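Enquirer: So TrEMBL lists the following for this protein:
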BINDING   His38, Glu86, Tyr222, Tyr223  Fe cation binding site
SIGNAL    1-29  signal peptide
Amino acid sequence: MSNARRRSLKLSTLALSTMLLFSPLSANAALTIYNGQHKTATLALIDAFTEHTHIKVETRQGSSNELAHQIVEEGKRSPADIIYTEESTPLIMLANQGLLATLDDQALNNIPAEYRDQKGQWVGLLARSRVIAYNKDRTATDKLPTSVYDLTDAKWKDQFAFVKTSGAFQKQLSAMIKLDGREQAKAWLEGLQKNGKEYRNNKAALDAVERGDIPFALINNYYWDSMAREQGADKLKSGLYFMGTHDLGDLITVSGAAILKSSNNLDEAQQFMAFATSEAGQQILTDKSAQYPLNSKVDTHGLKPFSELTPPNDTLDLGEYSDGKAAIELLQEVGLL
């Protein structure tokens with residue numbers, strides 16, 4: 001039996017067992033999800049949820065920060081029941097403003113405590129690691145930096161790409177400010193300005209590496225892992241490099257979801273969150289996105305094992321990462337935004 005067939009059978013079994021946990025409340029019920037995550041994986045999750053529960057789901061797509069600020073402006077009138085964001089920062093901001101409901105234990109207990117809000121107001125669904133994608137013909141792993149701070153050295157001028165608008169990049173900057181102070185973070189940004197090349201998004205940066213336009217790029221793992229799944233890792237001209245030094249270059253960031261306190265469909269929303277964190281829901285998300293599921297019972301299918309990742313030793317309370325304001329202000333101060 002092929003691996004693909006085996007995964008399909010396992011997912012079908014998980015879906016059947018999960019379906020028994022959820023009973024449709026109303027055939028006419030409809031949820032609205034503000035979705036800042038990648039659309040393909042989210043829609044696959046929604047389709048499976050609707051099939052199991054007969055609860056209809058509508059989505060509004062946008063950037064995570066824009067959707068979160070839209071919810072703030074809408075207040076109690078917001079049509080959103082759930083917000084699903086690419087990074088946890090917008091969720092922290094909404095929680096701090098008292099706009100989120102407390103999740104049921106069924107969803108919270110599916111995810112380790114370090115990847116969910118201490119007060120139970122949001123939960124992580126997927127994780128990804130910051131990595132370096134490098135062109136095998138233009139450089140080798142023993143020639144790559146062992147710390148993101150190395151990139152301020154003039155030896156790296158015009159050798160790497162970065163994406164200043166990436167949520168994960170900004171999260172990386174937030175962590176840098178928290179761990180090492182604002183001045184060091186500012187010096188790092190100024191070094192990137194001087195030495196690096198800006199790209200509009202992570203895919204564009206990875207494509208440039210794959211073509212050999214630039215030796216390496218700072219991206220999230222799933223862009224390369226998705227390409228490897230589609231084309232075959234052995235056919236790619238690029239590879240993934242993990243610094244392996246508990247450096248901020250290997251930072252793990254989390255995407256998450258929450259229910260709005262103002263939702264008129266709280267029961268249905270709780271069902272969705274329970275499904276999204278279940279084995280069946282998590283398997284769909286990782287299969288469609290090449291990101292790491294946060295339910296530890298779920299297979300990752302070819303990704304570097306989550307247990308082997310080496311993020312910074314300092315374990316930051318997710319709730320203390322801040323709402324990202326300091327990172328945005330620093331990017332603006334140095335002229336990157």
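The backbone N, Cα and C atoms fix where each Cβ goes, and this holds for glycine too.
Annotations in TrEMBL come from automatic prediction, not curation.
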Enquirer: Determine, for the Fe cation site, the additional residues of the same chain whose CB lies within 8 Å of the mean position of the CB atoms of His38, Glu86, Tyr222, Tyr223; present them in sequence order.
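Expert: In sequence order, the nearby non-listed residues are Gln37, Arg128, Asn202, Asn220, Ser226, Ser289, Ala290, Gln291.
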Enquirer: State the three-class DSSP label for His38 (Fe cation binding site), counting H, G and I as helix, E and B as strand, and everything else as coil.
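Expert: Its secondary structure by DSSP: coil.
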Enquirer: I want to check the contact list for Glu86 (Fe cation binding site): same chain, sequence separation of six or more, C-beta distance under 8 angstroms. What comes out?
Expert: Gly36, Gln37, His38, Ser63, Ser64, Gly167, Ala168, Ser255
Enquirer: Long-range same-chain neighbours of Tyr223 (Fe cation binding site), Cβ under 8 Å, sequence gap at least 6?
Expert: Ala133, Asn202, Lys203, Leu206
